[in-house]
Structures are given as C-alpha cells and as structure tokens.
Amino acid sequence: MDIPESTNFIQDIIVDDLKTGKRDHVLTRFPPEPNGYIHIGHAKSICLNFGTAKKFCGKTNLRFDDTNPTKEDTEYVDSIYNDVHWLGFNWEEPVHYASDYYDQLYDFAEQLIQLGKAYVDDLSPEEMREYRGNDAGKPSKPSPYRDRSIEENLDLFRRMKAGEFADGAKTLRAKLDLSSPNMNMRDPAVYRIKHATHHRTGDKWCIYPMYDFAHPLSDWIEGITHSICTLEFEAHRPLYNWFLETLNLKNRPQQIEFARLNLSYTVMSKRKLLELVKSGRVMGWDDPRMPTVCGFRRRGYTPSSIREFCDRIGISKADSMVDINLLYFCIREELNRTASRAMAVLDPIKVVIDNWEDGKVEEVDVENNPEDPNAGTRKVPFGKELFIERDDFMENPPKKYFRLKPDGEVRLKGAYFVKCVSVEKDADGNVTTVHCTYDPATKGGDSPDGRKVKGTIHWVNASTAVDAEVRLFDNLFTLENTGDVPDGEDPLNYLNPDSMIVKQAKLEPSLAKANLNDRFQFMRQGYFCLDSRDSKPEHLVFNRTVGLKDSWGKAQAK
Ligand code: ATP
Ligand code: MG
C-alpha cells in the first residue's frame, strides 16, 4: 500500500512501523468502561482511534473494559454502541469485552506465578498501601508473604478463584520492583477478590483482573498494533510492557499516549456527570447541557460537527484546555450552510396593522437560506395582528436604535415596511400592543421610491401562529476551568443557574411540520431543533443548539 503522509506524532510512529516493516497493518481499539455515557472527550478518542486506523486502511475494535463488575450496566453498553455508530464509525465485528478473556487472563496469571513473577499477598489493601511507601520518598518494604513458594502461590490463587476467601482477604500481586520510583512498578495488584455478579459472566468469577493487567493482555489477544490512550497512563507503560515481556508474548502492541480533552465550562469526569444526573440537577445523561454525545445529539449537534471539532483540536502530548466556543463555532458553521431559516418570536408583543383589512391573511415569500441559492423560498402568512420580539420595540429608545419606535419605520422581513403610530398600555404603564400602518407599495420588503429603513425585524402572524416551548441553553458551569475549584470545593457548586431558559414562543406555521432531523435557523435567534424527548405534536419543544454570535472566531481574529 502507499503509505499516507503523517500529520501528527502518533501517525509518525505508524508510518515508521509500516516503512520499516515492523507492522504490515494497523489495528486500534476504543476501550470504554461501561460505567457511564460517553462524552466529548471519548469522542476525541473515538475519532482518533477510528480515524487513524481508517487513514492507514486499518481497522478498529470496540472493546468494553468490563473488569469492574459492580459499576457496569447494560444500559451503558447499549448507549455506547449507539453513540459510536452515530458519530459515524464502524468497529470490526464482533464487539469485544475484556470479560471474554477472563479464562485466558486467569491462565496468564497462573503463568506469572509459575515464572515466580507473581505472589498471593494476605495484606489488607490498607496495609499494602502502607508497605508500598510513596513517591515522595517513603521507601517500601516487602510484604511478609512476598516469598511464598510457587506451589503455595498456585494453591492459594486457585482457592481465591474457588471462592474460599472474603473480598480483600487476599490479592495476587506481580513480583516486580519495590524500589522503583514509579509506584506502578511496586508489586502492583493483578487479581483481587470481589464476590459480585458481573453483567456478562454472572457469578462465574469472584476474582477479577486489574485494569493494568487486563488491558495489555486484551490488546495482545486481539492483535492490537497501536494502543492509544490518554496521558495519565504514561507511567503505566512500563508495566504494560512488563506483562507482555514477562509472559514472552510476540508481536506486542505498542502503547502511545496523548493529552485528553479538557473543555471549558464543563466537567468530563464520569463520576461528576453521574452525580449531576443522580441528583436531578440535569434532565438526564442526554440533557442538552451535558457534554455527553447523547446530550449534544439532543441539543441538535450533528456527527459531522463533532468530528470537525475533534479534527480542529488535533492531538498533542501536553494537557490543555479547549475553549467550548470552538465547539459552538463548528456546529454554527455547519448549520449556517444547511439549516432552513424560519421565523419565531420568543418573547412576543402584539402588533396591530391598523390599515390592514380585518380578517385578511396574505402569503408572502421568504427565502429559506440566503447561504444556499438552491434552497428556494416558502410562503409565510401575514395578517392584521402579528407578534414581534418585545425588545424589537422601544417607546423611549436611545439614539441609534433602528428597530421599531414611535413614528419609526422598519422592514418586516419578507413582507412590508411598517410604521409605529400608537401604543396601548396596561394599568401599570407597560406597552401591551403596538399599532402600526403598513405601506402596500413595499411588499417583499423594499420601497419603489427608494426610501430606506435601517432595521429589519422578524415577525409571526398571530392568527396562524403555532405555540411552542423554546429552551435556550448556555454553559452548564460558570467556571471556565472546573478542575480548578478553590480548595475542597465541589465544582457542582458552580452550576450556571441560567444554563436553561424556557420561553413560550410563537412560531410561523411551517414549523408545526418539523421533523426530528430538521435543523432551523430562527432568524436573529440561533439554530434550533425539536427536542427528541419532550416534543409532542400537541406541545412542541424546540432546543436552541447554538446562538448566532460567534465568540470564538472573534477571539481568534484579535
Ligand atoms: P473516568 O471518567 O472514570 O476517568 P474514562 O474517561 O477514562 O473514565 P473510559 O471509559 O475508560 O473512561 O475511557 C475510554 C477511552 O476514552 C479511554 O481510552 C480513555 O483514554 C479515553 N478518554 C476518556 N476521557 C477522555 C478525554 N477527556 N479525552 C480524550 N480521551 C478520553
Ligand atoms: Mg478509564
């Protein structure tokens, strides 16, 4: 095959491996732990693993890292299938589970014992921690059980498997290097006892392999060539290699680390996300404010916008914080090209056209997408009573206010010039209705006499308006870096109270026919889609995917 050009340090390694003949193919894997829904950080890893393999005509396995029996759930497994597919990637069939390899992993553990490279320890987890010392200079001391004979270790390990001991009573540990400055190398645990039912293996096992042991061996069993993971595993790499080398396995996978995605104004820890869901502070894992893939989907993001984002952030070896506005930018750019325009009034105030015939409704043509010449126009009804945005009228406006004001004239998008002639107020002096006259010569929104108006505002005809609930979303947190909370504080104390604002809106009637896959630009308001969970024909709910204002592009331009 022609080897493509590398565009990052991971591809450098792959290109080199293919050129030198170290490898003749590429097989990566995405290894989620099914203990939560996947988030935008996982999406980065998915795009990286699947995208890299694809570039080199390779393949990618989906493997559930289900070595922790108590925290896992088939609900999560199903959601992960769904989300990876939705992002546009296909894994190699069949799907793999670390639990598929429990028999083989157990055999590998016995081999380690037989090689004199693992022992059964009776120290409690607390004692073990104490004995291991720390990397701040506290030396380790060997466990009194470290020098058990191979026979005794084998016998005890088999009895661990048979269920003779209680949780935590014994642990199989690698016999490695207690003086290593790398804590991962100080006789790490290989198997622990946990009498728990596993979502796939049921009660077959009461001992479970540790991640650091299961992971390299699962990679090897599947024939993974490049095992891409996040930076926190860098210090685990010597251990990853040690298991493979000690067991004398050939064609070993290579672990390569990259910096995880951190995104501003949100959290990425599954534990924190679960807490948000469990405490009812969001509407679920797919709440449109959540950084989960299902949350973004419900909010109206497309798979291509998320892939574009992952592409733009690139990969590196240094941790950094990505501005969430870049994500907003990616979806906005796409929807600007693809979304149909529509008119919706989110905070309505009534306008009456005094010189319009009672009961008459006329259709005007409004363009569907100025960015797309092929998108055509649609008919929008116009009549005597309309709604406009409350803040598009001001009774006592400042200078340079070009929207509707007493004696002022504006263009109603696609319809007519209207001029404000009077207002009605309630007992408290609030304007309840704005009276206007229209100029019949300005149909289509321009005046034949060359008269100009400075403002164009959107509107919805009252008699044909459709009611809808509209949800406006903002960042979930008020803190840019949620990893940087003051000492001892919980980032959940920094939730944005205005992260969701609900409006009772008036929509143009074409929106009653919207489908779940449709995307709209509500003129001057942003991009919207139906809410997949809560919208019903008799009660429409629209989500704002993103507003129109581009803070990212502006910041870049500066
Ligand atoms: P936790 O939230 O408990 O730390 P995790 O995010 O590591 O868990 P996993 O299910 O183990 O969750 O992750 C699956 C894969 O996704 C791993 O390879 C992991 O390195 C990668 N991954 C997880 N978070 C990020 C992130 N923020 N950026 C990039 N990759 C990530
Ligand atoms: Mg993990």
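Backbone N, Cα and C atoms are what each Cβ position is placed from, and that goes for glycine too.
Since the structure is predicted, the reported quantities are computational estimates derived from the model, not experimental observations.
Among the features that TrEMBL reports, domain 'Glutamyl/glutaminyl-tRNA synthetase class Ib catalytic' is placed at 26-336. According to TrEMBL, the motif ''HIGH' region' annotation covers 32-42. According to TrEMBL, the L-glutamine binding site annotation covers Asp65, Tyr211. For 267-271, the entry in TrEMBL reads motif ''KMSKS' region'. The domain 'Glutamyl/glutaminyl-tRNA synthetase class Ib anti-codon binding' feature in TrEMBL is assigned to 339-439.
In this view, Tyr211 (L-glutamine binding site) is surrounded by 18 other Cβ atoms within 10 Å of its Cβ, with every protein chain counted. Within 10 Å of the C-beta of Asp65 (L-glutamine binding site) there are 21 other C-beta atoms, taking all protein chains into account. In the three-state DSSP scheme, Tyr211 (L-glutamine binding site) falls into the helix class. Mapped onto three states, the DSSP output places Asp65 (L-glutamine binding site) in coil.
Mean pLDDT for the domain 'Glutamyl/glutaminyl-tRNA synthetase class Ib anti-codon binding' (339-439) in the predicted structure: 96.
Taken residue by residue, the motif ''HIGH' region' (32-42) breaks down under DSSP into 3 helix, 1 strand, 7 coil.
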